[in-house]
Amino acid sequence: MGHKRTNAAIWTWTLFVLVAIYLPIVCGALASFNKSRYFGFPIKTYSTEWWQKTLDSIEIGMIVKTSISIALLVTVFSVVIATFGALAFARYEWKGRKLYQKLILLPIFFPQPVLGLAMLLGFNAVGIQTSWMTAVFAHMIWIVPVVTLVIAIQVYGFDPSLEEAAYDLGCSRTQVFREVTLPLLWPGIWSGMLFAFLLSWSNFPLSLYTTGADSTIPEWLYAKMVAGYTPMVPALGTMATLGAACLLLAGGLIGLLLRRRAAA
Amino acid sequence: MLQTTPAASQSAEPPKPILQLVGIRKSFGAFTAVDTIDLDVREGEFLTIVGPSGSGKTTLLRMLAGMDTPSEGNITLHGQLINDVPPNKRPTCLVFQSLALFPHKSVGENIAFPLKVKGVDAAARKARALELMRVVRLPENYFDKNVMKCSGGERQRVALARALAYDPEVLFFDEPLSAIDYKLKKTLEKELKDLHRETGKTFIYITHSLEEAMVMSDRIGVMRAGRIVQIGTPEEIYGAPVDRFVCEFVGEVNTLKVKRGPDGAWQGVDVPGRFTLAPPRDGKTLDEAFVVVRPEFMRILGPDESADNRLEGVVYNEYSLGSRIQYQVRVGAKVMLVELSRGRALPASADRKVTLGWDAADAFTLES
């Protein structure tokens, strides 16, 4: 009897959490299919009109391009920096490593609006005109530490004697990295890439301060919510969410396939 | 007709050292891991370094393999100084304790790895890898098998084949058999010894198990606190240990502390009695000594049997060791171990007072 009650409680709680997480997203999607301009339940007429308008908009096209450009550059730079950073973090013993481990993770805990403002002031002080390119740099301040941590977990999971063995079997330092270190770190690097892209894709506070005249998807959504709402806002929001979900799914599938092939 | 057998020619001319260590020291900060080791490794020998954990044997091996640099002293290979030669430039190869097989590569790719690094073409690599798989007794169809799906014993063989593919002059082993179950370990020990004979290469093996060392080695070096305390053939180590440490390392032993009485005779310190002992090694004169008697040389005396030394005790425990039985006998405050073959087992009885005895020639008199 008691067992049954516990089970029921667990299921109720799980359902509640899932609803709390996903209901807003569903609401957003529903709002984007509302024919009338202003949002209100129940929806009287459904329409794909706003989706069509969103897809046709030149302004939104540019914004999406900006968001993708920032996210792609952040991904590439972060992963390269974080891979070596993670090796320093988790693989090698060196003087000052403990301090480095703390300092590198600190930016994750900075309030992002404050970090964004600080960056803006910094760019102004040294006379750099802010644009989407400065936003790439700003995103990296926050994302490189996250990706470093993700890859470091992978580094902790591999036996350093593998590198020594390769070296002992005649490899040069570069060969060791190419033949052993990189393939073994690959799952972590892959997760790191997904993290980097998605965190940049959805970042609002850092972009707000550092993109200058350019605008990213989250910035545009906010601006339109403040003034000039149309159902294009939830439409673009839903598209951005779906895009991220697809990327994550594809990333997960590729990861799975790679692991399958390695295990064959 | 005169014909020199290989064995005879070997004994006539001792093999020259391939590796020479002179005054090797390695310190990490204030801690000295290896403390002044001089060692000549003969070409083609199977040398095992044994010692408890922390005795510095792995540090010694890492210096030989080039993964650590000695703080002091010289290592020469064929007379050439190699202190600072990195592992990838040394004709030596280490089989790691963890084996360090590449988990993202197949059995065949693992074995062919050193050849790939050398730039050997794919077809030749595969042919050589298959050849080596035969040498280490791995079935041919394992070539494409995931190395992580191999059993413990199979992985040992892959690691061995990979090391041989590098074609080193000296192979190092860092306790690769420590995680293997007993029966398989025995098989692999013998195979390794066979392989040593077949390849004629120099093997240097590190272990904490003297039993393992005894089975395989031509020579054994016993390490303690960064020093080699004794080096010799397995027979020399077993038959003439230099001190109590080596003695106890060989297996369970009975140790008695003795001192010279006023009349010059040996007297027990922790058990009463006077003892007749063999003279200490190197003809030293000692006032205090340890007598070490192996359990298999300790006898239980019948009423009409005699021995150089006798002790009265009470049996309070017995263990089956398979073909032999070990008795724990309390003599005063000391516990003595006696091992008898199963055929000579004591009759079970409630009151098990026994007389232990051993002959002076069967025991060691050691300084410390």
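Just so it is clear, glycine is given a Cβ too, placed from its N, Cα and C backbone atoms.
Just so you know, TrEMBL annotations are computer predictions that nobody has curated.
Sequence annotations record features per position, and here TrEMBL assigns domain 'ABC transmembrane type-1' to A:64-258.
Sequence annotations record features per position, and here TrEMBL assigns transmembrane segment to A:12-33 (among others).
For A:68-92 (among others), the entry in TrEMBL reads transmembrane segment. Outside the transmembrane segment (A:68-92) by six or more residues, the chain places 100-101, 104, 132, 135-136, 139-140, 143-144, 147-156, 160, 181, 185, 188-189, 192-193, 196-198, 200-201, 207, 216 with a CB less than 8 A from a CB of the stretch.
When Cβ-Cβ distances below 8 Å are used as the criterion, the transmembrane segment (A:104-126) is approached by residues 85, 89, 134, 137-138, 141-142, 145-146, 148-149, 203, 205-210 of the same chain, each at least six residues removed from its ends. According to TrEMBL, the transmembrane segment annotation covers A:104-126 (among others).
The transmembrane segment feature in TrEMBL is assigned to A:132-159 (among others).
Note on the transmembrane segment (A:180-201): residues 67, 70-72, 74-75, 78-79, 82-83, 86-87, 139, 142-143, 146-147, 150-155, 158, 162-163, 166, 171, 217, 240, 243-244, 247-248, 251, 254-255, 258-259 of its chain, located 6 or more positions outside it, place their CB under 8 angstroms from a CB of the stretch. Taken from TrEMBL, the feature transmembrane segment covers A:180-201 (among others).
Residues 25, 28-29, 32, 50-51, 53-54, 60, 67, 186-187, 190-191, 193-194, 197-198, 201-202, 217, 220-221 of the same chain, all 6+ positions outside the transmembrane segment (A:235-258), place their C-beta atoms under 8 angstroms from a C-beta of that stretch. According to TrEMBL, the transmembrane segment annotation covers A:235-258 (among others).
Taking Cβ pairs closer than 8 Å, the transmembrane segment (A:132-159) reaches residues 66, 69-70, 73-74, 77-79, 81-83, 85-87, 89-91, 104-108, 110, 112, 115-116, 119, 123, 184-185, 187-189, 191-193, 195-196, 199-200, 203, 206-207, 209-212, 214, 216 in its own chain, all 6 or more past its ends.
Proximity of distant same-chain residues to the transmembrane segment (A:12-33), defined by a Cβ-Cβ separation under 8 Å and at least 6 residues beyond the stretch ends, is recorded for 39, 43, 46-48, 50-51, 231-232, 234-235, 237-238, 241.
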